[in-house]
Amino acid sequence: MPVDIADARTVPADPLSTERLAHRGLDYRVISGDDVADFLRAEHRGFIDAEPTDEVVADELAAQGERRIIAVYDREAVQPLPVATECSWGTSLTVPGGEMPMWAISGVTVAATHRRRGIARNMLEGELRAAAGAGFAIAGLTVTEATIYGRYGFAPATAVARVTIDTARAGWGPHEPSARVLFVDRDQLADDLDALHERTRGDRIGDIAGWPRRWREIARVVPGATEPRRIRGVRAVDSAGELVGSLAFEIVDGPSRDRHTFRVNHLIAATPDARAALWRFAISYDLIDTVEASLQPVDDPIGWQVHDRRGVEQRVRDHGWLRILDVPAALAARSMSGAFGVRLAVTDPLGLADGAWTVAQLGADGVRVEPLDEGERTDITLDVGALSAAYLGGVPLEALQAAGRVTGDGAKIRALSDALRAPTAPHLSIVY
Ligand SMILES: CC(C)(COP(=O)(O)OP(=O)(O)OC[C@H]1O[C@@H](n2cnc3c(N)ncnc32)[C@H](O)[C@@H]1OP(=O)(O)O)[C@@H](O)C(=O)NCCC(=O)NCCS
């Protein structure tokens, strides 16, 4: 069921961050129109990219869609570029049992000339206050560095695996998938990825809505793309000829002409059979000795589908970070399993999500979340980051308890952990 998502562009810049940055001679603003071109140039600089051409900037400008763009200007700057950038938009997050609106944050950069003066802190705290004020119960981002965002209450809630396959050792196993694999050109590849993502993201807990330029970047049909002609695309079709899978890949030169690397840039499938067909295609490709694929689900069955699972290495790392802004709304937005009842206290240094509630599910009526009276005893205490990590069911509360992030009654912690558990490993399939 599609969810109603507020347009983030209507949300004004947070007054507290505006005031704090103004004291330092900095203007913190929501911008639009022509100013966004300089924002994009500053964002490229912040991410250590080369200076973009006007053509690249124009293409990116046209793709901003419903993004709310925040820029910070130094009144004494020589160039018109902002000294810090950041953008956000309302999207849909797949949760157990459905979808919910999420405030997505991206493009966080601070110019090297202005670093470590609290600009990022003010931008992030300002975002969270703005999102909470606009009624969003959760915010999310993907991170370049894993040590920055925990201090604002974000925590990794979905993990991904980087899969490396030694094709000669692994070898495709006895199961023969029935989907057929066909080459497509790069424009078609972008369309296939887009269509399949939108069709299947509701099945992937932790995934969010895509946008057309994300797929055009992966297919490298955007201006300024690096070595666009290296990208190849195939689709998987079922016996009725229906699109059921798509794979963007490139062949990277190896030490000799018969030892290349097959790099998966994106792999998506609507059925397990299509997924198997695309993996088999990659593993069986002639003149390839290694297949590499990042951002894969941590519970991918590939290890079971090859002859020798020792030929498949899966390296797991954090990927999707979440930050709960409204505990009762977030808990009510997802389904939980079994009957349980706990008294929960959540701490939040930013004061957005703290409080104490009874969280219970007794019959078929779903989860009930009610505030506790002041002074009432609680069973479980945890910080907002710990609850955000556990929210999608990919991180057991027991692990956070072992790390000192969750305290309280062991049986109640297990009961809530069981209730939160997801039927499949959460998987965010894109970077944003
Ligand atoms: C990361 C970046 C945005 C930080 O901006 P900044 O304005 O220097 O950050 P702040 O001064 O507000 O610092 C905020 C806090 O984060 C910490 N921090 C900042 N950058 C950090 C980094 N790279 N690694 C670890 N901690 C970092 C600071 O020590 C500070 O901690 P404290 O408030 O608890 O003392 C900036 O360095 C940057 O643009 N880097 C390149 C682009 C990038 O990596 N962006 C992040 C995309 S996910």
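Glycine is treated like the rest: Cβ placed from N, Cα and C.
TrEMBL has this to say about the protein:
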{"type": "DOMAIN", "residues": "26-187", "note": "domain 'N-acetyltransferase'"}
{"type": "BINDING", "residues": "V108, T109, V110, R116, R117, G118, I119, A120, R121, T144, E145", "note": "acetyl-CoA binding site"}
{"type": "ACT_SITE", "residues": "Y149", "note": "active site, proton donor"}
{"type": "ACT_SITE", "residues": "Y432", "note": "active site, proton acceptor"}
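Sequence-distant neighbours of R117 (acetyl-CoA binding site) (same chain, six or more apart, CB under 8 Å from its CB) are R24, listed in sequence order. Distance noted between the C-alpha atoms of V108 (acetyl-CoA binding site) and Y432 (active site, proton acceptor) is 11 Å. Residues from the recorded positions list (V110, I119, E145, Y432) with a C-beta closer than 6 Å to any atom of ligand 1: V110, I119, E145. Reported as a whole number, the C-alpha separation between R121 (acetyl-CoA binding site) and the residue listed as 'active site, proton donor' equals 9 Å. Proximity of Y432 (active site, proton acceptor) to non-local residues of its own chain (separation of 6 or more, Cβ distance below 8 Å) is seen for A104, S106, L141, T142, I208, R214, given in sequence order. On the backbone, the CA of Y149 (active site, proton donor) and the CA of V110 (acetyl-CoA binding site) stand 15 Å apart.
Neighbour density for V110 (acetyl-CoA binding site): within 10 A of its CB lie 22 other CB atoms from the protein chains shown. In terms of local Cβ density within 10 Å, V108 ranks first among the recorded positions V108, R121, Y149. Between the binding-site residues I119, E145, the minimum number of other C-beta atoms within 10 Å of a residue's C-beta occurs at E145. Under the three-state DSSP scheme, V110 (acetyl-CoA binding site) falls in the strand class.
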